[in-house]
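Just below is one structure, and these are the notes that go with it.
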Amino acid sequence: MSKADKLAASASFGQARSVSARRAAIGAATGAPTTGIPAPTKVPLKDLAPNPFNPREELTDIEETAASLGERGQIQPVAVVHRTAFLAVHPGRDEDLGEAAYVVIDGNRRLAAAAAAGLDELRIDVNDELAATAADILESALIANIHRVDVPPLDQAKALRELVDVYGSQSQVAKRLGKTPAWVSQRLALLELTPELQEKVESGDLKVEPARRIGRLPKEQQAAAVEEINSAAKPPRQRSRRTLSAGPTTGTVNGVNAGTPQANADAPSTESVNAVNGTEPETGPVTSAPHSVNAVNGLRVDAGVDGRVLLPCSSPQELVDALEDLLSPEDLTAVAELLLDRVGSSTSPRPQPTPQ
């Protein structure tokens, strides 16, 4: 057996990884050896630095993860890049990394939990392609967290905004992440909330879904929209029986669920219906209006006949956004299936009448 064959068959040679052109360029610029050096599988914690651009501004469940590491050990390696690869696209961030030889891209919570659990080292997976550009570092960290429910919504929105700055448009970001433009737009809407309402989102006092809709409103209308939601969530006070018309109402119609009052009298009513929860106001009759602008999602809805609601939209995308706001995911899926069935039936040839 030749020396080359013996070298190829050795265990250490088998662990050596091929070096990309980018990594070779980094090695040439820094003088750090690259070719033929196997990546370590475990390193001391002191050699690992958290990603300064991690989408999570605050790591959660550190104690729970630390307990899991202590009892079950490390299940997945943390994804890292070499210090030199990170600084090649983020020069001047040496102080953020300390003396660490690697920067963690995916696994920052595990790194913090390992320190809390008193562990000495962690298994790593070195992949410098995650740091090909500054956008790649952010994108890699975001994609790693995109399907995790514990990522704070505002942290996710801020990372998405940075990606929009890098790629130039929401549609390009959506394409990179495998999401729809509406998905990106909804999450970015949180950043349009007033600072006070963003704090309520962070504390959990304001739920994320209505907060995204409120973020589409002008800032001066947002506080009132939150008050309407809070009022709608309170149990209604006991009221005396009121008579309502059996005919179509000329008042404002519920912009969320398009509900109409039940008829239980013959006299017509000119009272308005609340634009959030479909209940009549406590103060009695008010001047009627032929339409309502819903304070939660900003959609204008027109009252039609028999409780029908008209959504004026100037484009298919606007109509889809309106339906996404008004319907649950299950109902939205059902509407999509019905539309597909309708399109299929309209394009299929109609049966010809049988000659008599």
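Cβ atoms here come from the backbone N, Cα and C positions, even for glycine.
Keep in mind that what you see is a predicted model, and the values were worked out from it rather than measured.
What TrEMBL records for this protein:
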- 24-47: region 'Disordered' (REGION)
- 24-40: compositional bias 'Low complexity' (COMPBIAS)
- 41-146: domain 'ParB-like N-terminal' (DOMAIN)
- 219-292: region 'Disordered' (REGION)
- 246-261: compositional bias 'Low complexity' (COMPBIAS)
- 267-277: compositional bias 'Polar residues' (COMPBIAS)
*Looking only at the domain 'ParB-like N-terminal' (41-146), report the model's average pLDDT.*
86
*What are the DSSP helix, strand and coil residue counts for the domain 'ParB-like N-terminal' (41-146)?*
51 helix, 22 strand, 33 coil
